[in-house]
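Annotated features, as they stand in TrEMBL:
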type    : residues         : note
BINDING : C40, C76, C110   : [4Fe-4S] cluster 1 binding site
BINDING : C185, C189, C192 : [4Fe-4S] cluster 2 binding site
DOMAIN  : 31-147           : domain 'MTTase N-terminal'
DOMAIN  : 171-417          : domain 'Radical SAM core'
DOMAIN  : 419-482          : domain 'TRAM'
Amino acid sequence: MDLLIPDKVHDESRQGEALLLEPVVGKNNGRKLYIESYGCAMNFSDSEIVASILADSGFETTSDFNNADVVFINTCSIRENAEVRVRNRLKEFAGAKSKNPGMVVGVLGCMAERLKAKFLEEEKLVDVVVGPDAYRDLPNLIEQVDGGQRAVNVLLSREETYADISPVRLNSNGINAFVSIMRGCDNMCSFCVVPFTRGRERSRDAVSIVAECTDLFNQGYREVTLLGQNVDSYKWSGQLADSSEQLAVGDEVKIVNFANLLEMVALVNPDLRVRFSTSHPKDITDEVLYTIAKYDNICNYIHLPVQSGNSRVLELMNRTYDRDWYINRIDAIRRIIPECAISTDMITGFCTETDEEHNDSVSMMDYVKYDFAYMFKYSERPGTLAAKRYADDIPEVVKQARLAEIVAKQQQYSFYRMQARLGRVEKVLIEGFSKKSNNDYCGRSDQNAMVIFPVTEGYKPGQYANVLVERTTSATLIGRIV
Ligand code: SAH
Ligand code: SF4
Ligand code: F3S
């Protein structure tokens with residue numbers, strides 16, 4: 001196997017959420033692969049699976065698409081503007097392809113599923129379209145394109161979890177890694193395309209998850225984030241014993257739920273931090289909360305998207321909980337894990353939302369005082385339940401004004417949460433130099449706040465440091481190692 005020398009990653013090509021591929025080790029077939037990812041962590045994690053599958057068939061990777069033989073864009077469909085960005089990027093790739101006609105351009109991920117016909121027939125920008133469950137087929141599909149055909153595989157699977165594939169870590173700092181624990185989603189929130197783009201929910205083999213986390217720890221990684229669209233509905237059954245014990249007759253088949261899985265991963269090593277995303281308010285159990293409280297290395301941070309603070313809107317959204325239920329879950333978190341940071345996702349201007357109903361979202365923010373929030377204007381997605389059933393009737397200016405209001409409110413609460421940490425000592429996992437200066441390190445606190453502090457002798461990235469917080473902004477804690 002040849003060890004490939006890393007190319008430089010060019011800053012100007014880091015567009016928004018795009019992630020560029022670092023060269024990896026592989027049996028060389030003389031061809032270069034470039035991959036760029038958009039959307040959620042799940043997509044970034046999938047790109048690492050794609051890189052692994054193609055490294056096995058000999059693709060070397062590059063961070064410059066102009067000299068790539070295969071250019072992949074791993075796409076997101078969640079809101080209209082996500083799709084617009086991808087289309088613009090594809091036009092840039094088409095420009096490169098016109099200079100290099102042998103270049104294979106492919107669309108992967110969630111847009112592939114939604115727009116396969118459009119990509120292949122109308123736009124002619126794309127040679128290959130591959131959905132999130134068909135990545136094992138990529139080497140064959142590339143061969144088809146080499147043979148002069150266009151190639152498509154957007155079949156969704158009920159079983160595929162890529163459990164046996166050891167992801168190639170892309171753009172990695174060697175400290176934090178994503179670990180996929182499930183795929184798809186069965187929830188059918190009325191605004192959401194994910195059940196259509198990623199298919200049915202399925203949980204990955206718990207033994208393979210623990211093995212991957214153990215392997216990461218042994219390679220020097222110190223933080224794993226377990227990924228799924230609804231991690232609280234994780235459920236897998238099988239034998240937990242190692243292979244020699246599995247031969248024993250009558251070995252017990254165990255059911256592993258999310259709380260059990262969290263515990264299994266926490267036990268890999270006390271120095272391995274465990275995070276997870278996303279929790280669903282309808283499914284997060286007290287058992288999960290007690291497990292978080294029990295283990296120091298399971299981070300005190302929960303992303304619990306509310307979407308709306310109003311029960312009628314939540315019902316239209318098909319979230320299957322109401323305002324009181326959500327508040328009950330928040331209260332349980334505060335009771336069982338008093339130090340827990342909480343973040344959320346919020347949508348403004350969903351179909352028929354009135355000013356009073358919007359005010360319920362605002363008052364939810366006052367109640368929880370979230371540490372952090374991702375906030376969006378409702379964007380109607382073709383094919384979803386909401387698109388079929390309800391008119392997208394809130395004017396753009398109203399959606400925008402409501403969004404501006406909650407963004408301003410969140411800014412206040414983020415600052416408030418940061419201020420509450422002043423004078424406290426945070427345990428920080430050092431991730432590297434801060435963006436602004438090589439004299440400072442950055443890393444995250446247990447509660448997921450970004451912490452900046454001067455480089456101090458004896459401390460390196462990948463180690464933990466106790467940092468006294470002396471100043472804050474609304475997004476960062478600033479201090480020094482004590
Ligand atoms: N599985 C996660 C969400 C994944 S999508 C969960 O259930 O919480 C990430 C976020 O995008 C959602 O939480 C929602 O706030 C937002 N989102 C999804 N569809 C949207 C749409 N059509 N318009 C605006 N925001 C949307
Ligand atoms: Fe979409 Fe709802 Fe599934 Fe989240 S839980 S991915 S919002 S359908
Ligand atoms: Fe986007 Fe697909 Fe994730 S639609 S948010 S990349 S699951």
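Every residue, even glycine, has its Cβ placed from backbone N, Cα and C.
Between the CA atoms of C185 ([4Fe-4S] cluster 2 binding site) and C40 ([4Fe-4S] cluster 1 binding site) there is a gap of 14 Å. The binding-site residues listed here are C40, C110, C185, C189; among them, C110 has the most other Cβ atoms within 10 Å of its own Cβ. A sphere of 10 angstroms centred on the C-beta of C192 ([4Fe-4S] cluster 2 binding site) encloses 23 other C-beta atoms. Close to ligand 1, meaning a Cβ under 6 Å from one of its atoms, are these of the binding-site residues C76, C110, C192: C192. When the binding-site residues C40, C110, C185, C189, C192 are checked against ligand 2, C185, C189, C192 have a Cβ within less than 6 Å of one of its atoms. In this structure, the C-alpha atom of C189 ([4Fe-4S] cluster 2 binding site) lies 17 angstrom from that of C110 ([4Fe-4S] cluster 1 binding site). Checking the binding-site residues C76, C185, C189, C192 for a CB within less than 6 Å of any atom of ligand 3 leaves C76, listed in sequence order.
Residue counts for the domain 'TRAM' (419-482) under DSSP, helix first, then strand, then coil, are 1 helix, 35 strand, 28 coil. A gap of 13 Å separates the Cα atoms of C192 ([4Fe-4S] cluster 2 binding site) and C40 ([4Fe-4S] cluster 1 binding site). Look at C76 ([4Fe-4S] cluster 1 binding site): DSSP puts it in coil. In terms of DSSP secondary structure, the domain 'MTTase N-terminal' (31-147) contains 65 helix, 23 strand, 29 coil. Within its own chain, C76 ([4Fe-4S] cluster 1 binding site) has Y38, G39, C40, N43, A82, E83, V86, G109, C110, M111 as residues 6 or more apart in sequence whose C-beta sits under 8 angstroms from its own.
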